[in-house]
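J.: Quick one: the structure is below, and I'll ask about it shortly.
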Amino acid sequence: MTITPQQLIAMLPLLIVGLTVVVVMLSIAWRRDHFINATLTVIGLNLALLSLYFVGQVGPMDVTPLMRVDGYSMFYTGLVIIASLATSTFAYPWLVGYPDNREEFYLLVLIAALGGILLTSANHLASLFLGIELLTLPLFGLIGYAYRQKRSLEASIKYMLLSAAASSFLLFGMALLYAESGSLSFVGLGQSLSDSMVHQPLILAGLGMMIVGLGFKLSLVPFQLWTPDVYQGAPAPVSTFLATASKIAIFAVVMRLFMYAPAADSEAVRLVLSIIAVASILFGNLMAISQTNIKRLLGYSSIAHLGYLLIALVAVQTHELALPLETIGVYLAGYLFSSLGAFGVVSLMSSPYKGPDAESLFSYRGLFWHKPILSAVMTVMMLSLAGIPMTLGFIGKFFVVAMGVSANLWWLTGAVVLGSAIGLYYYLRVTVSLFLSPPQSLVRDTPSNWALTAGGVVVLISAILVLVLGIYPQPLITLVQMAQPLM
């Protein structure tokens, strides 16, 4: 098979990030320099982001049988790269105080980003599995990066063991689907799995096992038990990546699989997804109420947010594609910037590394009185995650409710409204604590010039985008409408 220049251009983000991995690896081997390796990482990711402009010029195409590059993959590739950039930026000041090797952190983030980019373009079960493993394996190292702390090491081992079990379920599910359909490509699966085949036991068993494997990666109920422990144990910049890039990439590929393979037209599959969605929304929100650890709280809230998104997967079968696709694009963009801001504030408060992160809610008590702008940013992020009007989070929730109503998914829409009402309590609890009287002695605090650091700039840009796109969302909606898959 000969690769044309157009195909090479279509693969530019993947190639640039892959090349950056090699350059950073050689740089570490030549000389350990934290600043140089961080700079190389950020330059590589920025070039990958800029290359999306040229990818758009060559038009949608199947680059290989495993990869399909179109507007859909470009949009989610952009989101994954932005999340990876933010993670690297937050990691730099955190690693300044880290006593061991710092440079490998960037290498692991780049490899995980490579897996995420592959997932957004995956058009085949082989590339889906390869992308998930490429994304997941570096996370074992990243979660346990602060290995001198027992909790970080425990989180890494817990994630590794459960992830291995989930991958085996996913692989076995794929094998059952292949045994029945004779194809591994999404399009081939869609063509061979006709309506009559959907109800065959092997197909349903295969789909069920894939839902188990993917449900773990997306931390959906009942496969979510690892989430709060891992979010709490992982360093704050790694929790940022876990909450954003890994969830966005995996959800993007799941959505593409559901669009091409109508095997999910099965009433049984739709019922299972609906139950998982409602359980995730209620469990995530109810468990977050009692949390005093902000990373655990955001971990539980991410379970609820993925539950809201799962409604779009159910609606794909009952609705034309346009609205579910728009909903997922707008919601994930809002979730990305809100999470980057929230975890960014936690990362800034936890930098430089001094052992445990600033994760207790008590650490943020009275933040407004000595860091008013930072507390304003955190307030905006909490309001956006709660879905309050004038924020981007509200636009995403509005799309989810509108889609649920138009698809006649009344009880799922009711779950969204109920979940949002519960969520409002604990998001406002975090917000109120920022404005209480501060403690006598500060446990952790950000540097006085935090807004001039790269991490501070990322947090401020996220807050501005959440507000501006919350008031005037049309540019984002237009971008999402352009990001349509090549059918």
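Numbers here mean position along the shown chain, with the first residue as 1.
Glycine is no exception: its Cβ is also placed from the backbone N, Cα and C atoms.
Pulled the feature table from Swiss-Prot, pasting it below:
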TRANSMEM  8-28  transmembrane segment
TRANSMEM  35-55  transmembrane segment
TRANSMEM  78-98  transmembrane segment
TRANSMEM  125-145  transmembrane segment
TRANSMEM  159-179  transmembrane segment
TRANSMEM  235-255  transmembrane segment
TRANSMEM  271-291  transmembrane segment
TRANSMEM  297-317  transmembrane segment
TRANSMEM  328-348  transmembrane segment
TRANSMEM  376-396  transmembrane segment
TRANSMEM  409-428  transmembrane segment
TRANSMEM  451-471  transmembrane segment
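Each of these features: where is it, how hidden is it, and who are its neighbours?
T.: Long-range contacts of the transmembrane segment (8-28) within the same chain: residues 36-37, 40-41, 43-45, 47-49, 51-52, 54-55, 57-58, 61, 63, 67, 69, 77, 81, 103-104, 106-107, 110-111, 113-114, 117-118, 121, each at least 6 residues beyond the stretch ends and with a Cβ under 8 Å from a Cβ of the stretch.
Listed as Cβ neighbours of the transmembrane segment (35-55) (distance under 8 Å, sequence separation of 6 or more from its ends, same chain) are residues 9-10, 12-13, 16-17, 19-20, 23-24, 27-28, 69, 74, 77-78, 81-82, 84-85, 88-89, 91-92, 102-103, 106-107, 109-110, 113, 117, 454.
Long-range neighbours of the transmembrane segment (125-145) within the same chain, counting only residues 6 or more positions beyond its ends whose Cβ lies under 8 Å from a Cβ of the stretch, are 66-67, 104-105, 108-109, 111-112, 114-116, 118-119, 152-153, 155-157, 159-160, 163, 167, 170-171, 174, 177-178, 184-186, 189, 217, 230, 233-235, 238, 241-242, 245-246, 249-250, 253, 257.
Away from its own ends, the transmembrane segment (235-255) comes close to residues 72-73, 76, 79-80, 83-84, 86-88, 90-91, 94, 109, 112-113, 115-117, 119-120, 122, 128, 131-132, 135-136, 139, 142-143, 145-146, 152, 214, 217-219, 295, 298-299, 302, 306, 309, 312-313, 316, 324-325, 328, 332, 335-336, 339-340, 343-344, 346-347, 350-351, 353, 357-359 of its chain (Cβ-Cβ under 8 Å, at least six residues beyond either end).
Within its own chain, the transmembrane segment (271-291) is flanked in space by residues 208, 211, 215, 220-222, 224, 228, 264, 297, 300-308, 310-311, 313-314, 361, 409, 411-412, 415-416, 418-419, 422-423, 425-426, which lie at least six positions past its ends and keep a Cβ under 8 Å from the stretch.
Panel annotation: around the transmembrane segment (409-428), residues 274, 277-278, 281-282, 284-286, 288-289, 291, 297, 301, 304, 307-308, 311, 314-315, 318, 382-383, 385-388, 397, 400-401 of the same chain, lying at least six beyond its termini, place a Cβ under 8 Å from a Cβ of the stretch.
Sequence-distant contacts of the transmembrane segment (451-471) (same chain, at least 6 residues past either end, Cβ-Cβ under 8 Å): 42, 85-86, 89-90, 92-93, 333-334, 337-338, 340-341, 344-345, 347-348, 351, 373-374, 376-377, 380-381, 384, 389-395.
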